[in-house]
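What TrEMBL records for this protein:
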type	residues	note
DOMAIN	A:90-296	domain 'Cytochrome c assembly protein'
DOMAIN	A:316-641	domain 'Cytochrome c-type biogenesis protein CcmF C-terminal'
TRANSMEM	A:39-63	transmembrane segment
TRANSMEM	A:97-114	transmembrane segment
TRANSMEM	A:126-145	transmembrane segment
TRANSMEM	A:176-196	transmembrane segment
TRANSMEM	A:208-230	transmembrane segment
TRANSMEM	A:250-267	transmembrane segment
TRANSMEM	A:274-293	transmembrane segment
TRANSMEM	A:313-332	transmembrane segment
TRANSMEM	A:353-375	transmembrane segment
TRANSMEM	A:395-414	transmembrane segment
TRANSMEM	A:449-467	transmembrane segment
TRANSMEM	A:488-512	transmembrane segment
Amino acid sequence: MLSPELGHYALALACIFAAAQGILPLIGAHRRDRRVMMLAPGLALGQLFALAISFLCLVYAAVTDDFSVQNVAANSAVTKPLLYKITGVWGNHEGSVLLWALILGICGAAVAAFGRNLPSALRARVIAVLGAVAAGFELFCLTTSDPFARVWPAPMDGQGMNPLLQDPGLAFHPPILYTGYVGFAVPFAFAIAALMEGRVDAAWGRWVRPWAVAAWCFLTCGIALGSWWSYYVLGWGGYWFWDPVENASLIPWLTGTALIHSAIVVEKREGLKIWTVLLAIATFSFSLSGTFLVRSGILNSVHAFANDPARGIFILGLLGVVIGGSLALFAYRAPALTAGGLFAPVSREGALVLNNILLCSICAVVVTGTMYPPFMSLLFDRTISVGKPFFDATTIPLALPLFVFMGFGPMLPWKRAQLWPVLQRLWLAAIVTAIAFLVAAFGVSGVLPVLSCGVAVWIIAASITDITERVRLFRMPLAGSLQRARMLPRSVFGTALAHAGVGVTVLGLAAMSQAQHKIVEVPVGTTEHLAGYDWTLTNVTQEPGPNYSALVATIEIHHNGRLVTVMHPSKRSFNSQNQTTTEVSIHTNLLADLYGVLGDKHGTDAAPTYVLRLHYNPLAPWMWLGALIMAIGGALSLSDRRMRVGAPRRAKLSSETVTAA
Amino acid sequence: MMPLLTPLRRLRRMLPALLVGVSILLAPVLVLAVDDPSEMLPDPKQEARAEAIGSQLRCLVCQNESIEDSGAGLARDLRKVVREHVAKGETDKQIMDWMVDRYGNFIRLSPPLSVGTLLLWSMPVLALLLGLTTAFFAYRRRAAAPAAPPPLSDDEKARLAKLTKD
Amino acid sequence: MSTSPDNENLTRRRLMMGLPLAGAAVLGVGFWKMLAGMQRGSFNPHDINAPVLNRPVPEFTVPDQAPGQGFSAQDLRGLTKPVLVNFFASWCIPCLAEMPTLMSLKDDLTLWGIAYKDRPENAANFLKHSGNPFTRLGSDHDGRIGMEWGISGVPETFLVGPGGIIRWHTATPLDVDTIRNTLIPLLEKLKAS
């Protein structure tokens with residue numbers, strides 16, 4: 001039933017739906033023909049339905065080991081666990097493009113479903129833009145990356161998946177990350193629709209922000225998950241490498257973060273309108289170019305990927321149409337948009353402008369650093385590398401002031417503010433920060449970690465102060481404060497939480513610079529000392545696994561004579577793939593990770609010795625915990641009544657009459 | 001170049017799709033995940049210096065990884081060389097020059113400042129200045145412009161729209 | 001719609017709003033050039049471009065590798081005819097694939113080989129099976145000589161001109177196309193000068 005051919009046809013059908021969705025509603029909106037505009041939601045749902053069928057067919061082929069499908073034969077095997085047969089569907093180029101299209105389809109359908117309160121012309125245009133983008137990618141999928149291509153004769157077994165990729169963290173990393181990337185298509189579509197209509201107003205800001213915040217939450221989680229995965233899989237505790245592939249996800253995150261902040265100014269003060277539209281376009285453009293240019297082989301280092309040049313050209317053409325088209329529309333229509341009102345430099349708006357300047361400067365640095373090597377090579381025939389030392393040296397000086405201003409920003413009133421009263425309210429946070437500086441200066445080595453600790457504590461303390469000040473904690477009876485807290489919009493808590501999350505992440509990063517490690521070669525029974533812990537290698541055994549055999553070590557860790565944990569790092573040899581992987585063992589108490597890795601076996605069989613790599617990583621989990629807190633803060637903001645799409649009914653009604661009457 | 005990479009290449013072909021965030025990080029695990037302790041210098045101070053130098057040097061056959069982080073064979077050889085030179089008492093600059101002499105500036109993870117990399121290194125300041133001046137001029141222009149009349153209220157807008165569109 | 005009454009202001013705004021498009025267009029053209037170059041093979045963003053080109057060969061001596069005799073920088077500098085120096089290893093599959101091409105070259109061009117990080121007996125066996133195109137053979141057991149030459153893996157090939165100057169370098173397996181389109185014209189140019 002769910003044959004690959006059905007999947008292929010469903011994909012083609014989805015492409016037709018998407019094309020219709022990209023054209024008809026636009027015509028309807030142009031002619032103000034309600035009946036044509038009302039086709040948009042139906043087409044979006046139809047496209048999603050067809051895509052879902054198509055995707056299910058691919059999953060079905062993978063689950064039932066249909067090796068006549070080339071994609072399954074190349075990436076799956078009979079012995080692969082069921083979970084990874086399913087997640088393996090998006091573990092390759094073709095499948096991931098289909099997943100990408102599916103998520104885009106979901107976005108379109110979501111606007112159709114939840115956007116009932118939008119003015120009908122705006123909604124029709126937004127859905128149309130999403131449809132047009134989706135049509136392009138489905139065409140890409142159909143023409144150059146067909147996931148349903150058959151292979152004849154069908155092999156008896158597939159080539160299998162790299163054992164390293166058979167990991168739960170990695171299985172769910174792509175869908176989350178893609179949802180983040182693709183989610184920014186919705187603000188993008190809103191921006192294009194606004195340019196077509198020639199108007200951006202507070203209502204537009206209110207409608208676009210929830211979508212941007214939702215996408216941002218996913219992107220934040222996706223990046224954190226990827227970083228966490230590399231931390232526990234790589235075997236030496238690395239978590240961020242400033243690698244082009246990582247930068248590709250960081251760049252839209254930076255502009256996306258700027259976007260969710262500038263959209264506030266649009267919503268509250270009708271300022272930064274043109275800029276916000278540009279940010280919405282830029283964020284999605286970076287998402288697109290990031291994910292797809294990595295596949296063209298330009299950014300991806302080493303000699304991989306010379307596989308299909310047609311693919312690269314198609315992608316570039318598609319990017320040219322989507323990005324070039326939207327920027328051309330921007331150049332044509334944006335000058336006619338009404339400029340925002342005046343506001344004082346010291347004000348909430350002013351702080352948000354500063355936030356945008358700093359975030360975009362960091363973004364510019366990351367973009368330049370990532371793109372510089374291929375352009376140097378193209379223009380001057382010189383090969384250079386731009387890596388961690390460069391990015392550390394250039395982004396951190398921009399990030400530190402950003403963190404400092406993050407503390408003030410949310411406390412400044414709109415329009416015109418005075419700095420002094422805000423400073424007065426932050427006195428306690430300032431004292432806490434000063435203490436943190438002192439403690440860090442004694443306990444932590446290096447100037448940068450001390451500074452980072454200080455600003456991290458500052459962000460967290462200022463975020464807490466923001467809430468306590470608003471509820472007038474300890475300045476009025478507690479019941480009154482609680483009452484005020486209940487009255488406070490959830491987005492205020494969301495902001496404070498997300499900002500505090502940044503502080504938690506920065507604290508984790510600063511503490512990780514103090515990580516200690518030790519590499520030793522020891523026989524069984526030896527005790528090593530690291531960071532106040534006694535690590536004893538008590539046993540090493542050979543154990544069979546489903547499709548590998550593993551060398552498993554037992555390490556007992558004592559602290560002051562008390563047993564803390566017993567860890568079992570191992571080393572797996574996969575017979576079929578002729579590969580070995582190391583399974584790191586991590587014990588965490590949330591304040592520090594004890595991280596053990598088993599390395600090579602040396603010595604004679606009678607007296608073997610083992611290489612052990614032991615790490616003590618203080619506050620390591622905080623790096624990702626902070627990202628999770630940021631995402632929860634975003635979600636909390638989303639649950640705010642005011643953020644719900646089209647929430648204030650009266651405001652909605654009046655603009656509905658304006659645009660669609 | 002290839003043989004070191006064959007497992008990497010096979011892997012990499014399936015990766016890009018999957019691991020937009022992390023693909024390349026896989027590389028080292030495939031080769032070797034744990035260093036040999038015999039590589040390390042006995043003097044912790046010298047070892048720390050060697051690590052600092054090594055973290056500035058790119059593992060040539062990997063993605064943006066330093067030789068300290070990589071398990072590739074060449075990275076291990078280069079680590080050894082760095083340690084030998086450190087033990088000999090050479091300065092950081094001497095060791096860096098030795099590397100650049102053989103592998104070019106490609107091996108430096110932080111490219112040297114030159115005419116070609118001027119734009120790269122000045123980017124942070126350039127971007128910040130551009131942002132600040134744009135914001136400043138936008139502010140001054142608006143402050144200089146005559147105060148805009150109060151915007152129409154929603155009711156007025158609705159009435160106006162009705163009058164002009166129907 | 002516009003709030004700015006004077007045209008000059010509007011023109012400036014138009015120019016500013018066109019900047020993102022211009023920037024994206026420049027990047028797009030750059031990418032297109034790269035992709036086109038990659039397709040033609042004229043552009044490889046991942047080339048390391050070791051700085052040995054047009055320099056004298058580095059100071060080195062490789063010990064003998066059976067069945068050949070080792071050589072040193074002096075030997076290369078003393079030559080009057082160009083020599084192709086090839087780094088190979090028995091554990092390297094592309095090297096095996098490259099061997100037939102090298103064998104077909106050996107009657108017309110002098111080839112010297114260096115076994116990179118290989119056991120002497122394995123390298124000797126490898127050459128027994130694939131044929132030996134090399135007139136001189138050295139062993140770079142620990143990869144240090146490869147480092148002097150700036151190689152990052154195997155196979156890598158260098159064309160050493162008269163006087164021991166390195167004239168050409170490739171980090172990919174040699175194939176007929178490369179020989180025809182790059183190597184032969186280069187040799188002709190060397191002969192002419």
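Sequential numbering from 1, following the chain as shown.
Cβ atoms are placed via backbone N, Cα and C, with glycine included.
Using the rule of three or more Cβ pairs under 8 Å, pairs at least 6 apart in sequence, the transmembrane segment (A:274-293) is in contact with the transmembrane segment (A:176-196). Per-residue confidence over the domain 'Cytochrome c-type biogenesis protein CcmF C-terminal' (A:316-641) averages 90 (mean pLDDT, predicted model).
Long-range neighbours of the transmembrane segment (A:39-63) within the same chain, counting only residues 6 or more positions beyond its ends whose Cβ lies under 8 Å from a Cβ of the stretch, are 2-4, 6-8, 10-11, 13-14, 17-18, 20-21, 24-25, 28, 69, 71-72, 76, 82, 85-86, 88-89, 95, 98-99, 101-102, 105-106, 108-109, 111-113, 123-124, 127-128, 130-131, 134, 138, 147-148. For the transmembrane segment (A:97-114), the neighbouring stretch richest in Cβ pairs under 8 Å, chosen from A:176-196, A:250-267, A:353-375, A:449-467, is A:176-196.
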